[in-house]
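Look at TrEMBL and you will find A:7-67 tagged as domain 'HTH tetR-type'. Residues or ranges marked as DNA-binding region by TrEMBL: A:30-49.
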DNA sequence: ATCGCCTTGGACCGATCGGTACACGGAAGG
DNA sequence: CCTTCCGTGTACCGATCGGTCCAAGGCGAT
């Protein structure tokens, strides 16, 4: 079953690349370093990857696509506003926690993509932002949320995305608790009544 | 007045480097490219900069130090909690808006620093985070804020820092309005009463 | 006019960059 | 046994990497 071996190797290499890119940056990681980490010669490596940029593209696109699928599922499930927002936050934090290297690479390095690769990743990113906007708009329409400036969507995503830098899911605060803490503050504020 | 010329040239080069690093990443920007943008030969360039990493260090450190000074001034001014928080947010957003390239470089590339350079920048960053924690703690002690999980500090900073990616200070929403919008949501929540 | 210093461009350093070409090995299919 | 072909390591490509060195230029002070 050479196909399976090929795909498996490919996936393994993408994972290794994510770790190296996260640690040493995309431009700061050489093909030599990558091939050594993968235990392959340079020729063998190129047999799998095609180009260095392809790796960066796949690392980024995979995660964003996953989040888009997750958001679409939640938006289509008829959840009430609060559960919808908490669900979306938990999905994102959970994915970031499980794929920290990939998200670090995506956030820091997507600008290194060129042409269509970049366009597609940016478009996917904007689609995801649109889903959050939809969720908030729905809450406003239902009367659960007060009318809220559009820019707040960026603030919320900043709050969540930034976790890739510091969140330790095995620490004393878990992924779900963190998402709930963020949403408690966002929904009801931190001022005393 | 050769000293002034020297320092002025140096500052100019640091600014150009910030723009190039922000656009093409630190490792993705070559000395040749930088010297061309500065209108200098490579030898002349090195007369001013010492090393490429020095540029990265200065770009990062300058901004963080400025924010630390700002936070210290506000914390020492006896402002009440709400004004303190809004003032700190406005200071940060204003600085980010005025030095977008520098902040982009800092957020994306500080991991490329080595040794003491890196330690110093990380320490300065943590000091700034500590000032926000102090401000929140003060609000809790005063009874203005409800007790709040420590991790929320990271969330707030994420919300504010992330603006380097998208905020256009000359757009329809200004710096101060944005800071206020974020703090309205944070203080009182977005849920209807 | 002369001295000395700051500034400058460019040649040059070894190392590495991303990527290609190619020949070898070994297993599968006949 | 022979052919075919995928997987592989390696030599090699031109270009560029960050950084150093140095000789010439420019300019102010004496």
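Even glycines carry a Cβ here, placed using N, Cα and C.
For the domain 'HTH tetR-type' (A:7-67), the model gives a mean pLDDT of 97. Secondary structure counts, DSSP: the DNA-binding region (A:30-49) has 16 helix, 0 strand, 4 coil.
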